[in-house]
Amino acid sequence: MVVQRWNLNFSTSDSSVLNLSANVSLRDPLVPQDTSGLSRTGHTVVAVFLGFILVTGFLNNLLVLIIFARFQVLRTPINLILLNISVSDMLVCIFGTPFSFAASLYGRWLIGNHGCKWYGFANALFGIVSLVSLSILSYERYSAVLCSTKADVSDFRKAWLFIGGSWLYSLVWTVPPLLGWSSYGPEGPGTTCSVQWQNPSANSISYVICLFIFCLLLPLLLMVFCYGKILLVIRGVSEYIQFCVARINQTSAQRRENHILVMVVFMVSCYLLCWMPYGIMSLAATFGRRGLISPVASIVPSILAKSSTVINPIIYVLFNNQFYRCFMALMRCGMDPHPSHTLNTQPSSRVEEHLASGVPLSLMGPDTPPDHSGPIYGTHIGAMQRQSRALVLVVHYTPQGSGQL
């Protein structure tokens with residue numbers, strides 16, 4: 001009888017423990033509420049994608065850093081901004097993606113509440129630095145092409161101010177959740193952490209709105225404005241080129257214009273593909289009904305955002321003329337690229353003279369002076385200079401054999 005009573009008490013005690021465990025689980029801030037979670041297969045699929053992003057993103061950005069350190073010709077102000085993008089993406093690969101990758105392998109978050117806050121803060125910090133740097137890069141190209149008479153390739157102080165400003169701006173928007181304006185917590189199936197999008201309080205909603213406007217929408221609008229203006233300048237001057245030289249260089253000018261157009265559309269499209277789904281998901285989670293965003297619906301935009309660490313080094317650095325040629329030189333046992341392979345930031349004076357004077361280039365001898373008295377010269381020389389800079393600053397990669405100004 002005593003034994004039976006002991007067994008009964010043990011059973012009751014065990015039931016209480018299970019109920020207590022369930023209650024603790026429900027109150028655990030690292031366990032997302034109102035979600036059905038992912039299956040074991042789902043976690044495995046996510047882990048595969050994150051593993052690919054981790055390895056590829058790390059190697060791509062490491063290659064950029066090696067090339068930049070190896071070749072002194074790359075150390076220009078505008079390339080410092082490119083380097084800043086690679087550094088921020090590299091830090092995501094080191095301090096962010098490994099934790100979500102490990103969590104997906106085990107199907108749960110592994111490093112506790114403080115680790116969750118660190119993960120959310122670090123990913124937000126490095127991600128916003130990258131986004132702001134992309135918009136700064138577009139503005140620098142815009143100002144070099146349209147707002148100055150000569151591309152400034154020596155103003156390192158301005159570049160460092162931009163870089164420092166991008167980190168300070170990012171800190172302004174990522175520290176507040178640590179101080180009480182919104183908060184960082186589990187996201188989706190509980191294997192990643194981010195801003196608490198589903199918090200219905202006015203405190204959290206106001207932060208989400210500001211974050212969307214100032215860290216996603218404004219950089220996008222700046223990129224569209226700057227690259228749009230550059231395209232307008234290139235299109236207008238390309239039409240003038242065709243008018244001046246008849247059919248001689250029409251194909252080349254059109255090819256360059258089309259190439260720049262494709263690159264600009266590709267850059268903006270990749271920005272939208274990587275970050276806009278995450279922004280839309282965040283707004284839907286904030287303003288939609290409770291449970292509107294399922295774990296699968298939340299994890300896909302998160303993976304797309306992390307994929308920017310793979311894409312950015314390719315479209316902004318490895319397709320850049322300078323970096324591409326230095327990369328090829330590095331593959332050839334580290335030999336310095338031929339002087340003719342370095343990017344010329346000054347427009348060709350003979351091309352300008354030829355286009356401004358209207359004299360066919362084939363008829364201009366090596367000592368033929370330009371006709372500065374022609375009416376075309378004074379009207380269009382500034383536009384020609386801007387287009388030369390535009391072709392240099394915007395085109396990232398020119399296939400061999402197509403030539404360059």
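Every residue number used here counts from 1 along the chain in the order it is shown.
Quick reminder: no glycine exception, Cβ is built from N, Cα and C everywhere.
Any TrEMBL annotation is an automated prediction that lacks curation.
The annotation transmembrane segment is assigned in TrEMBL to 45-69 (among others). Remote same-chain residues near the transmembrane segment (45-69) are listed as 38, 75, 79, 82-83, 86-87, 89-90, 92-94, 97-98, 100-101, 104-105, 191, 299, 303, 306-307, 309-310, 313-314, 317-318, 323, 326-327, 330 (criterion: CB distance under 8 Å, separation of at least six residues from the stretch ends).
TrEMBL lists 60-316 with the feature domain 'G-protein coupled receptors family 1 profile'.
TrEMBL lists 81-106 (among others) with the feature transmembrane segment. Remote same-chain partners of the transmembrane segment (81-106), defined as residues 6 or more beyond its termini with a Cβ less than 8 Å from a stretch Cβ, comprise 43-44, 46-47, 50-51, 53-54, 57-58, 61-62, 64-65, 68, 115, 119, 122-123, 126-127, 129-130, 133-134, 136-137, 140, 159, 162-163, 166, 190-192, 306, 308-309, 312-313, 316-317, 320, 323.
Annotation source TrEMBL lists transmembrane segment at 118-139 (among others). Here the transmembrane segment (118-139) has long-range neighbours at 78, 81-82, 84-85, 88-89, 91-92, 95-96, 99-100, 111, 162-163, 165-167, 169-171, 173-175, 177-178, 184-185, 187, 192-195, 215-216, 218-220, 222-223, 226-227, 271, 275, 305, 308, 312, 316, meaning same-chain residues at least 6 beyond its ends whose C-beta is under 8 angstroms from one of its own.
If you look up TrEMBL, you'll see 160-184 (among others) marked as transmembrane segment.
Per TrEMBL, transmembrane segment is recorded for 204-227 (among others). The list of residues near the transmembrane segment (204-227) in space but at least 6 beyond its ends in sequence, with Cβ under 8 angstroms from a Cβ of it, reads 128, 131-132, 134-135, 138-139, 141-142, 170, 173, 176-177, 181-183, 195-197, 264, 267-268, 271-272, 275-276, 279, 282-283, 286-287, 394.
If you look up TrEMBL, you'll see 260-280 (among others) marked as transmembrane segment. With a threshold of 8 Å between CB atoms, the same-chain residues lying at least 6 positions outside the transmembrane segment (260-280) that come near it are 131, 134, 212, 216-217, 220, 223-224, 227, 230-231, 234, 300-302, 304-305, 307-308, 311, 315-316, 319, 390-391, 394-396.
Long-range contacts of the transmembrane segment (292-319) within its own chain (CB-CB distance under 8 A, at least 6 residues past either end) are made by residues 32, 35-38, 42, 46, 49-50, 53, 56-57, 60-61, 63-64, 82, 85-86, 89-90, 92-93, 96-97, 100, 127, 130, 134, 137, 187-189, 191-192, 194, 197-198, 263, 266-267, 270, 273-275, 277-278, 280-281, 284-285, 327, 396-397. Annotation source TrEMBL lists transmembrane segment at 292-319 (among others).
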| note | Counting only residues at least 6 beyond its ends, the same-chain positions whose CB falls under 8 A of a CB in the transmembrane segment (160-184) are 80-81, 84, 116-117, 119-121, 124-126, 128-129, 132-133, 136, 140, 193-196, 199, 203-204, 206-208, 210-211, 214-215
